């Protein structure tokens with residue numbers, strides 16, 4: 001199906017989901033020939049659970065997507081597809097899938113295009129989780145995925161999505177048995193540490209931070225260290241890291257481009273407006289219907305600032321014992337983004353340790369050329 | 001203290017609150033002579049409860065504000081101050097008070113200025129709540145408050161805040177005893193009916209709707225009927241209506257102006273941008289620091305659309321049994337507004353029956369002249 | 001596999017689940033020969049979602065159980081297994097499966113034993129949901145299931161678990177198209193009506209109520225009408241009713257017995273103690289470890305009283321906008337039952353319209369002979 | 001009003017509250033002469049907030065009770081009344097006040113009676129919070145309160161209610177300024193440490209633990225160390241400790257007695273039944289109406305076990321990101337207690353660090369002689 005005479009291109013399909021198990025929209029894409037299941041590299045899902053510990057919408061979605069993939073490409077090929085489920089469609093956010101498909105086209109497009117590359121790291125020893133060893137392993141994996149995406153210049157990378165491991169009681173015990181202490185024995189805390197160390201690995205690979213500048217105690221603690229292009233989530237089902245690099249490359253074709261912004265606080269929309277401008281959206285206010293049709297995906301991280309304030313004014317997200325701060329943050333940042341982009345099926349996810357500055361976060365936009 | 005040679009003006013003080021009982025900021029305004037307690041006409045409070053049935057932050061704030069007013073102007077004068085507490089500071093919303101003070105100034109300002117007028121209606125018989133009789137009573141009250149605000153043209157009214165009654169079991173029984181059936185026996189439902197009928201009363205007074213066009217069965221049901229300038233909330237402590245009209249009048253002085261917009265859905269920021277433009281804020285993106293300093297108050301209503309969609313995309317607010325839809329809607333709309341205004345101490349409140357179109361809502365902005 | 005020389009018996013397996021997709025415990029029962037998958041008649045699951053609208057733990061569990069059944073008995077046989085998932089393991093409740101297996105044994109046991117029978121009704125026309133026609137259809141289905149359970153005397157029926165349909169927008173529209181109006185257009189409300197009408201159908205079949213005594217307007221409204229042995233839940237995936245009758249019959253063998261109680265309010269444990277006594281548990285306090293080992297399943301319904309009080313004291317369940325009243329009720333009633341039974345893997349479910357008196361509910365206990 | 005010829009006695013008034021500001025029931029007791037406000041030593045309030053960080057029902061109740069006390073005994077006397085508000089009336093729990101009044105009676109009662117004594121410790125330096133110095137300070141305070149209660153034998157003490165301080169950012173900074181590091185910089189965590197250290201102080205005073213056995217690192221960590229009679233809560237408004245000791249003493253008169261039990265897990269009702277037996281309630285099941293009338297107060301602590309299990313079965317309280325584990329635990333334990341006591345206005349509170357074994361907790365019962 002592929003040929004060395006053809007150029008690779010990325011197709012991005014954003015598909016509404018009526019529930020965590022609703023793959024009907026994906027089936028329709030396959031039936032109409034819009035999507036070739038054998039080209040699927042990754043599926044991101046914004047599912048409607050609480051995005052916290054007891055969010056079963058993620059597992060339900062994963063199981064449903066796997067059944068979909070099994071039907072079309074069999075279990076073996078399905079196993080290599082990266083599935084990243086992010087729970088939480090607070091506010092007017094709309095549940096959806098984002099499918100990244102690798103296609104091939106004959107003609108070169110005009111200039112560089114959206115490129116992607118993936119990599120899977122070896123399993124991480126439990127005692128390395130949340131420590132410098134994890135940072136280094138991820139940095140190496142990101143470099144490999146960049147190679148595969150044929151992106152040489154780190155400045156051309158705009159988003160790195162990583163699924164990273166977490167600790168379970170069994171894994172902690174196993175490390176104990178080998179004589180090694182893990183960074184934490186708390187499962188929930190291990191998720192934050194793993195997300196944070198993975199994000200720092202991205203920062204190292206992209207030259208945002210030097211490895212030397214990252215002390216072990218700074219992981220999960222010094223929020224002054226961050227990547228503006230990392231988005232990481234922890235999953236119980238893996239022991240290594242699944243890495244998806246998105247960027248621009250002259251060796252890829254097709255109509256899509258990607259750019260990114262870093263919000264410095266929850267209301268900081270100007271960098272996003274600037275990124276939209278670089279992608280050719282240059283109106284003063286919200287994108288109009290035609291412009292919105294050109295947007296393929298908006299990927300963002302959101303988190304309540306640890307300072308308890310936004311622009312000097314107190315927020316109450318961290319003190320609300322009825323609603324998790326991550327849910328508040330997603331709803332609000334979704335509104336900030338929707339006000340400018342005009343869409344509500346935005347991939348806004350939480351848990352932004354070392355992913356953008358405290359209270360802010362990275363935002364990537366994939367859009368068709370104007 | 002007042003004199004016929006002086007012109008009335010409205011001062012609007014927006015003050016941060018560290019909790020529902022934090023009146024320290026108000027005390028400081030009094031101490032420094034910035035606020036004369038005897039001129040207080042109304043205090044709006046955005047408090048940090050859930051904004052739903054068991055939100056004690058509102059009652060706690062009301063009790064605390066009353067103690068503040070008692071200390072400064074005594075119980076009798078305090079009783080005439082309109083206190084409207086709106087619970088819910090979801091997302092990055094910041095708890096705050098908005099004090100409306102009537103002052104007098106010697107010189108005329110340049111052209112019309114922010115004007116206000118209040119009225120209190122007679123008690124509403126329980127059987128009239130949620131029915132045309134309530135609509136008519138509120139319409140009459142709004143006209144009286146307009147007179148007092150010296151606003152003759154309804155087009156000059158930009159926001160009407162109303163506190164309206166609700167039914168309790170005792171009030172239903174009392175009506176029963178007189179041989180009258182109430183519109184509902186459900187206390188919670190009576191709140192929505194009362195808010196809705198009050199909003200329709202505003203629409204009638206402002207000429208947005210004709211009284212003839214409002215069938216009794218349409219109240220609380222036909223969301224195609226609405227006012228673009230009403231904001232209503234129900235409170236157990238009153239039997240009549242407390243009405244505060246805000247608009248522009250040539251007979252008032254001072255630096256403040258008001259304008260309003262109607263959002264047609266939860267992400268519809270363009271009408272707000274237009275209103276900001278009319279108020280002299282004409283940049284392309286978010287207000288900058290100097291512009292933000294000119295903004296005195298942003299008052300908005302937010303509610304999840306009953307259709308279950310925003311711009312054709314499904315939202316999950318009405319299906320979330322863990323978080324009330326009103327909390328989702330406030331968080332999201334707050335983000336939409338903050339993205340443009342750049343502030344987080346916004347008075348975004350829920351319960352928007354007949355206040356703007358389904359899923360949208362009115363927004364008023366009070367700002368200093370540029 | 002069966003023979004007319006053998007007697008039927010019911011085996012009940014209570015199996016812990018570490019998550020909605022954890023069927024490992026069931027697999028172990030199969031591997032060890034304890035459970036023959038071809039004999040499975042029904043699986044009840046107490047899953048750990050919120051038990052409300054957006055509880056995906058139920059769908060996730062159902063999908064996982066179906067995959068389990070497909071592996072062992074194929075899709076066709078799997079389709080006839082009744083799967084009833086009840087979300088909500090509040091308080092110390094423990095997620096678990098209860099498998100009802102039909103076995104055959106050579107020797108008669110001593111006297112009557114636990115019997116079961118199932119039936120599936122024809123599809124219910126949407127306009128009949130929540131109306132007398134549904135009551136009658138269910139009553140007929142219960143009688144058929146009793147026949148199959150070889151229980152002639154309604155007094156020998158102790159629990160009837162029913163899965164009933166609900167309305168969707170599409171089903172309402174379809175009825176509209178045929179010229180029929182449904183009892184409600186509100187999906188959530190249709191669930192309560194369907195549960196309630198189904199429970200009344202049980203009451204009619206068991207002679208607890210006469211069909212004549214049930215006015216159409218009383219369905220979902222007059223909580224003085226109820227069955228003390230019905231447990232119903234609504235599911236979107238079916239259009240008819242899946243009915244499981246549990247009772248005592250001399251034509252069944254085996255060591256298990258069943259009895260039931262009706263709690264008249266949320267703290268009313270004495271009827272449960274009496275039922276335990278009839279089952280041979282006659283100690284003064286909580287069951288001891290040996291007695292607990294004899295208990296196979298405890299099935300109960302719980303709901304907050306609409307009066308807002310328990311024994312004259314106010315409860316706050318209906319006013320809590322942060323936690324659904326059904327979650328409060330399950331947690332509390334679970335505690336009441338656990339205090340006496342000493343177990344926490346109890347099948348306590350909510351949504352108890354016409355299932356026991358207001359604020360109370362039916363409780364069935366299946367236990368081995370002493 | 002008092003005289004050396006008279007004997008002290010404790011009157012305990014349990015009064016329903018329709019909201020956090022409802023003191024009408026207390027006013028009625030005063031009006032009818034049942035309660036002499038000048039004798040009030042402490043008021044415990046079970047209020048209907050979430051019992052977590054943003055529970056404003058506690059502050060609202062405290063402000064309302066202070067206004068009540070100011071009206072009757074003036075601000076100075078009011079300041080010495082111990083007010084302990086515990087948020088959270090989950091399940092069927094009913095909001096109420098428990099007033100402890102010191103009275104005097106002429107005749108000696110028959111034998112020992114309920115005795116109480118209070119003490120206030122000096123302010124605790126911030127750096128001592130959660131450390132052995134706090135344990136020692138509380139132990140000394142408990143001994144002083146025992147003296148005042150005229151209880152010499154620690155075995156006669158059945159419940160010690162303590163209100164203890166917490167750290168704020170300002171207090172941490174103040175300690176920093178003096179060159180001392182606090183045990184934590186996390187406000188929320190400081191509440192648990194303070195509750196835990198205070199409970200250990202009770203254990204030391206009552207001889208349940210030796211001071212030597214309590215290592216500094218064990219505070220908040222080693223849940224094998226606990227008091228079976230401590231109930232502690234942290235409040236921002238105090239810097240020292242308010243201590244209320246309840247027990248039996250031959251030097252007190254009146255009809256009331258107190259006893260206590262320690263539940264070893266969330267379902268462990270047998271020790272409570274034993275305590276009820278010692279108080280003369282000796283029936284096999286739930287207390288009947290006459291017996292319930294003799295119960296004045298039930299005071300209990302509840303908390304989810306850190307092991308994640310109850311009697312070997314998994315619970316989901318710690319994994320529920322929608323409902324705080326403390327809310328789950330209160331609802332469930334309330335049910336366990338209500339099943340036996342038959343009442344729902346029980347003072348069940350959370351945050352049980354070092355107060356009973358992990359997952360269990362102390363229960364005290366005050367009742368009239370039979």
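These residue numbers are counts, starting from 1, taken along the chain as shown.
In case you wondered, yes, glycine gets a Cβ from its N, Cα and C as well.
Per TrEMBL, the features are as follows:
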REGION    D:1-106  region 'RU A'
REGION    D:113-250  region 'RU B'
ACT_SITE  D:163  active site
ACT_SITE  D:233  active site, nucleophile
BINDING   D:303, D:352, D:355, D:356, D:357, D:360  Mg(2+) binding site
Neighbour tally for residue D:355 (Mg(2+) binding site), based on other Cβ positions within 10 Å of its Cβ:
31
Taking all residues of the region 'RU B' (D:113-250) together, what is their mean pLDDT?
95
For the binding-site residues listed here (D:356, D:357, D:360), tell me which residue's CB has the most neighbouring CB atoms inside 10 Å.
D:356
At a 10 A cut-off on CB-CB distances, which of the recorded positions D:233, D:303, D:352 has the highest count?
D:352
Of all the binding-site residues given, namely D:303, D:352, D:355, D:356, D:357, which is spatially nearest to residue D:233 (active site, nucleophile) at the Cα level?
D:352
Taking 8 Å from the centroid of the Cβ atoms of D:303, D:352, D:355, D:356, D:357, D:360 as the cut-off, which other residues in that chain fall inside it around the Mg(2+) site?
D:226, D:262, D:263, D:301, D:302, D:354, D:358, D:359, D:361, D:362
Cβ-Cβ neighbours of residue D:163 (active site) (radius 10 Å):
24
If I take the alpha carbons of residue D:355 (Mg(2+) binding site) and the residue listed as 'active site', what is the distance between them in whole Å?
14
About how far apart, in whole Å, are the alpha carbons (Cα) of residue D:163 (active site) and residue D:352 (Mg(2+) binding site)?
13
Just give the helix, strand and coil counts over the region 'RU B' (D:113-250), going by DSSP.
57 helix, 30 strand, 51 coil
Structural state census, the region 'RU A' (D:1-106) (DSSP three-state):
35 helix, 34 strand, 37 coil
